[in-house]
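Straight from Swiss-Prot, the features:
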- SER167: active site (ACT_SITE)
- HIS194: active site (ACT_SITE)
- ASP291: active site (ACT_SITE)
- 2-118: domain 'Response regulatory' (DOMAIN)
- 155-325: domain 'CheB-type methylesterase' (DOMAIN)
- ASP52: 4-aspartylphosphate (MOD_RES)
Amino acid sequence: MKILVVDDSALMRTTISDILQNIPNAEIKTARDGMDAIDKVMKWQPDVMTLDINMPNMDGLTCLTQIMVERPLPIVMLSSLTHEGAITTLEALYLGAVDFVAKPGGTICGRLQEVAPLIREKVRAAAKMRVKVHTQLSVSPAEVEHKHKSPVVENNEDHQLAIMGVSTGGPGTVETILRHLPADFSLPIIVNQHMPESFTAAFAQRLNRHLQQPVKEINRALVLEAGTVYVCKGDRDCIVTLRDGKLAAMPTPNDSHFSWHPSVSKLVASAIRTCGEDNLLCVMLTGMGDDGATEMAQVAQGNGIVFAQEPTTCVVPSMPEALLKRVPHIPTGTPEHLAYLMTEVVRQSSRELHYGNH
């Protein structure tokens, strides 16, 4: 496996290279900035690349953009845990980077060893991933400024809810689906995206700027409103519950029983207890692992509606594949088609999610 490490710090390049040397059959080269990286990508043609963001001569985002045009390859961003780092990293994911690792301590090389296993795991996985550049669709400032404001669902006796489970490759996929939903989509939507805390806040803010629907991070107990999108808080789990008889969601401490956080499994299980399977619309999207597969299969078997992203369109197909192994009959599609399916299901059911057989 040919790995290119791109960082303006010689010490950081050495530290990252030493971490990656433990990958079997790894052949590693380094680049000191974006221009050096592009030159080595074209001449050496690496299988995967790690990329810093802040560099002289040519920064990481400019380098990433040019590589995605000239010779796309899987790129893992190394970024800080700051809010600014989260915003820039999200932009990189939209531009085509397949994954990221948040560096503890920012530029402190010594602390990089804390995430050494994660760096190796993500670089190995990235080498097998599909590279996808998400098209940036524009929404006018006027459209965003006058978002569709829906009332709190006070008479929603069946407590109807839509849930998206997503991990690696998720931000662009989620935004594509939400952009293709009508402004009057009548269900609250919870997006469970595996991300650190500072990144989910930046993700929710980005979606809120770019979408017609209001978007909020679940950073406290919130009563769920129709037509509003909710992003689970990173480094926490999220559960669905009732507050004064109204459907609500709230963050909870991580449950060590689950491997990924926020946990799709825990979220969907709580939604089943609170709403019942037949009042749920669940969508499984791109990502590693099998988080939420068992619980979404239970929803499908309990007369709820479950869709999965077509695995061939995923950056990482593991999560949809895990669900399809359990319930192979559920509909699949591209992000755009999933938005169409969600819209049709909700329109046809009018006010109740009783769909019968799939």
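Note that Cβ sites are derived from N, Cα and C of the backbone, with glycine treated the same way.
Fair warning: this is a prediction, and the values are worked out from it, not measured in the lab.
Feature map: annotations from Swiss-Prot on the structure.
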residue: ASP52; record: 4-aspartylphosphate; Cβ within 10 Å: 26
residue: SER167; record: active site; Cβ within 10 Å: 24
residue: HIS194; record: active site; Cβ within 10 Å: 24
residue: ASP291; record: active site; Cβ within 10 Å: 29
If you measure C-alpha to C-alpha, which of ASP52, HIS194, ASP291 (recorded positions) come within 10 angstroms of SER167 (active site)? HIS194, ASP291
For the domain 'Response regulatory' (2-118), how many residues does DSSP put in helix, in strand and in coil? 56 helix, 26 strand, 35 coil
Cα-Cα distance linking ASP291 (active site) and the residue listed as '4-aspartylphosphate', given in Å to the nearest integer: 29
